[in-house]
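Straight from TrEMBL, the features:
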type	residues	note
COMPBIAS	507-517	compositional bias 'Acidic residues'
COMPBIAS	611-622	compositional bias 'Polar residues'
COMPBIAS	627-642	compositional bias 'Basic and acidic residues'
COMPBIAS	643-667	compositional bias 'Basic residues'
DOMAIN	1-343	domain 'Nucleolar protein 10-like N-terminal'
DOMAIN	348-396	domain 'Nucleolar protein 10-like second'
DOMAIN	461-487	domain 'NUC153'
REGION	507-536	region 'Disordered'
REGION	611-667	region 'Disordered'
Amino acid sequence: QWLSDRKKRALQKKDVDIRRRIELIQDFEMPTVSTKIKVSRDGQYIMAVGTYKPRVRCFDTYQLSQKFERCLDSEVVTFEILSDDYSKIVFLQCGRFVEFHSQHGHYYKTRIPKFGRDFSYHYPSCDLYFVGASSEVYRLNLEQGRFLNSLQTEASESNVCDINPVHFLFAMGTAEGKVECWDPRTRNRVGLLDCALSSVTADTEIEGLPSISALKFDGALNMAVGTSTGQVLLYDLRSSNPLIVKDHHYGLPIKSVQFQHQLDLIISADSRIIKMWNKDTGKIFTSMEPEHDINDVCLYPNSGMLMTANEAPKMNIYYIPVLGPAPKWCSFLDNLTEELEENPESTVYDDYKFVTRKDLENLGLAHLIGSSLLRAYMHGFFMDIRLYHKAKMMANPFAYEEYRREKIRQKIEETRAQRVQLKKLPKVNKELALKLIEEEGEEQQFSKKRKQKNLPSLLKDDRFKVMFENPDFQVDEESEEFRLLNPLVSKISQKRKRKLKILEELEAQGQEEEEEPEGKASDAESSESSDDEKGWVEEVRKQRKLLRQEEKLKRQERLKEDQQTLLKPQFFEIKEGEEFRSFKDSAKKQKLMKKTLEDRLKLEEKLGTLNVSDTTVGSKQATFKLKKSEQQRKQQEAEKLHRQERKTLRRSASHLKSRRGRGQLFH
């Protein structure tokens, strides 16, 4: 798709695979731009509108070709197929015209008062609901052939509308970011959703008020709403809060929202990307970025086929086998995909070179990211092979000399392969390689006795070659996982390390024969390698004990570091009206709250604040004494002291009076 038509024709003469490529529908394109695409209910016809000149094209899937083409007076905003086939079609055009087509062609044309943007067909009453640059929703009855009373809304303008296929609720998205729901039977509004407020999340940057740009019902209760700022909101009609808010992160208006029921996916698209995500979790399933801007997306019913209308002549067709089977008119696609899975082949591009971001940095071409010279693909980019060769020559002018030396070295290694060679171990994971060589030798002896075929060696397998070359794959024998999962590795590795040391000495001395270590027979080695289950359990316990000791030492070191560090004093604020006693009181309260009710009651009985007694009826009666706060206790002590002072004052006053009376009497 990146190549020009001339280049494609030249490739078709040479490449057999390109000549075998199939074109599902012949001439599936528009002269300049395609704006809308839909499938009839019977699945036989695909209809698309576009420019220039304004026209509609109908494609027959049974014939895999175009059935007819009709030119129109003005551009089509949107259209709807009312019948099961192409015999009844309604077009909403730019010049406020509504045009009806039958099987033979143009049938009737009428006009609405204001410019329309979308419409929906209400099957029970045969009404067409038009929304657009007005606060009214115009109703045109196709049975009576006349306009009915309009629905008066609170919105200044409306962008999209849809009718629920189950209970026929009419919903319309407004320019103010709200969704109004109307009951066609009573012609009254039954609900209002403020989607603009719900679409704003913590990480979104909003420059203006989000308006509604897409609307789609799913079943009786679910509804998906797309905004002009790139968010998709999934609603349950019983709640005013969205279940999920999905952001496309492009800031572009959502053009289309579709539901895929086989995998419970939502397919949302803006002009740049098509995203498929799970409607329950919001997790991304996959995404597609076509070369040209997207105008509309159509999902073929009950299949894995997807069609798009683009800002380009060709209309794209995608087939994703995971979403569903191929349609019956192109069922051979399933066989083709199965053959591709059975025979995977690496595709070689002669004109392009795949490079990663790291390769671009090494070549000094990182500044080209985002330009037309690099085409993003998966985890890297495609670039022109000529540009790649030029950049590589400039970045490394001695690359040819290095390549020449490498080839000479390979030739010398091939000649040395005929000589008697030592067992050369790799630089990485030497012990693992030695273990594999020993196991391979034992298996070869066993297979010779049983007359079986030898299994391929892991050391010679290209799939595992990196494990013995890249230091990142070095096995860490000191890690906790290795020591616990391999309890016998300490005993086996000791024997292997001794043998490894001998092999390294032999390599250094240049000997050509490998001798067995002196002082130890092969029978002794086999007896050492055979351990029973008891030894395995003991080794596991030993390793666990060592790990606990190491952890204890680490804790002690951390404790010493903590003791050496100087802690700054911390200040705490006490609430007003409370008196600080000690930290032990709060600790006692927390400890007391963790106890059960029975333990707390027993403790209260001991303290004397609770009294439990049996009644005559047989039940129990509990008498509590509430604890008094510090402020109440101080107040009571002050009152008690005040009462004692008054009592003493009264006594002294009565005593003085009695003394005066006795003095007057004696006088």
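Including glycine, each Cβ sits where the backbone N, Cα and C put it.
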DSSP composition of the domain 'Nucleolar protein 10-like second' (348-396), residue counts helix/strand/coil, works out to 21 helix, 14 strand, 14 coil
Mean per-residue pLDDT in the domain 'Nucleolar protein 10-like second' (348-396) works out to 83
Across the domain 'NUC153' (461-487), DSSP yields 16 helix, 0 strand, 11 coil
